[in-house]
Amino acid sequence: MFKSQLINVVFAAALLGLTATAAHAETASLTVVCDNLKPQGKVMIAIYDSQAGYDGDKAVSYAMADVTSSQAKVTVELAPGEYGLKMFHDIDGDGRMGMNPFGMPTEPFAFSNNAKGNMGPATWDAARFTVTAPETTQNIAF
Amino acid sequence: MTNFDMSRRGLLGALTGAGAAAFAPKSWAAAAADWTIGVSNAPAEGYADSAMMRLHGRMPAGLSGQLYRNGPAWFRYGDDITGHWFDGDGMIQRYDLTGDGVRHSGKFVDTFKRRTEQAAGRIMMPGFGTKAAPDAPVSGPDDVNAANTSVMRVGDELWALWEGGSPYRVDPHSLATLGPKTFRDDLKGMAFLAHPKVEPSGRIWSAAFMGSRGWIWQLDARGGLERGEMIELPLPGYTHDWAVTERYLIFPMQPWVMEGMTVPISEHMSWKPEQGLQILVVDKNDFSKRRVYELPAAFYFHTGDAWEDSDGTLHFDVCLTATPEFGAKGGHDIVRGKFDSGTAGADLVLVSLYPDGRAVTRPTGVSAEFPQTDRRRQGLRRDRVVHVHGESKIHPGARALSLFDWKTGKRQVHDFGADAMVEEALFVPRPGGTEELDGWMVGTVLDLKAKATQLHVFDARHLDDGPVASWQGQHATPLGFHGTFVS
């Protein structure tokens, strides 16, 4: 006898909005290693270089990796500096993060630093990290 | 145990208010504090299988099966207390009834919420009346799913039900948790009410609500998805329980509206009586065929069942209160050992929806909660409803089990006494019987004097004879909400 059905409302805001494009900058390489994946589809990653971009979903770059085992890996070249990542596992390969009819995610998602969202995306402060030359790695547990 | 039946006035006097106070022995004051055993943590490992002690009577011939009950059973880590009774971790109690007696066991539903909080040793996850810890790992509704409200048997599984997330699948024999139920990949995490309705055919109906949108689940008897569709609601209100007839789905939407997207929810719900209680009736065969009836604002948690007269009039029984005060505040206080008798108490009412658009209530003046009917008649004409009854002034919950007959207006009552906290009782049909309520009511009572949970069996048509047989367990299990009987 209770009413937490309305908690759904809290998840209504879309957590991620990603489309696949490509862009490159030089100097340092960032490798994203994703684990605990079901071997199908792709991991889609959006890369942000500022809080404004992160909060407003204006990515400076994107990356994706085919998922053929429980681990997927992708390397991108970036200018050294501070970044944050939002990513999801596009299990059905439709290029979009799956949502149920109430707009809640149905495909696994993650953030850099393995930061966890609390009723929404992880914050920029929790997700930001520094890319330094020559190479930086982010290990993400889905 | 005492049996009595008397005039409504006399009964109400005895069970509520001044009557109880006048006759209350001084020891009641001491007993009053004991009710908190009903909202204390159960053992983390659960309850090992044990025989219950027979108090009197014999198991009736023809009665066997398992009573499964669900309810919140973990509320605190030291002084860190959950924000609301409704946010405690769900635990399934299993009562196995055979000719040899009754055995009891219990196990927590191993939800993500519970695993996360047990590992951290503190309350973290947001809920109905609980704030989220800053580091609560929440990525979707099932991460905060407490699986603590009801349990149903579907195919070879039990489903532990909440109302804000998926059913949690549980093995009916070991009570081991199997994980959230996903009906289809694109429907992952869609809510499922804790009060699904099962037609006599076995078909299952349930729903989910978000704002002014509602989602209707139509499942086959094995739990497979037959249909799922979105509907528009007349207001972004609240519904915990609802009703179905042979042809219609009935959603009484209360004007309890969530303001803002924040938790805890209970502190952000706004009561808007000017919007009334709007009752949405939807055709089972075509969800676009709908009608809205309106009654003055009222609140409820539980309905009985509905039926339709030959002239198209719909009826359902419901336990109405004036406001949602208990839901909002009472549940916060209870887990802190505080009880305000002024916020409890609902009245048994029959709502009738006429073909000309009128909605009419027939109040009884009878205090009632956890209404139950002969479920073989779900959606069909029937006269009787069995419910817990008689609020106590000294502890939350009811002290009696009662039957009301809408046709005759007659009642039966069995009063368990001041030390009893009476839980929901379920109807179990007598094999071969067909008449309404030909069978037994099987229910549990937390006895504060014995500090133990008891199981009582009544002849469903003769509640006022008292239980025909009773057993007492080795534990005082936390108060539960709803259950199911599997014959």
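Including glycine, each Cβ sits where the backbone N, Cα and C put it.
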If I go by TrEMBL, which of B:His475, B:His482 binds Fe cation at the same site as B:His195, B:His240, B:His302? B:His482
Same-chain residues at least 6 apart in sequence with Cβ under 8 Å of the Cβ of B:His302 (Fe cation binding site), in sequence order, are B:His195, B:His240, B:Asp241, B:Val318, B:Cys319, B:Glu369, B:Phe370, B:Pro371
For B:His302 (Fe cation binding site), which DSSP three-state class applies? strand
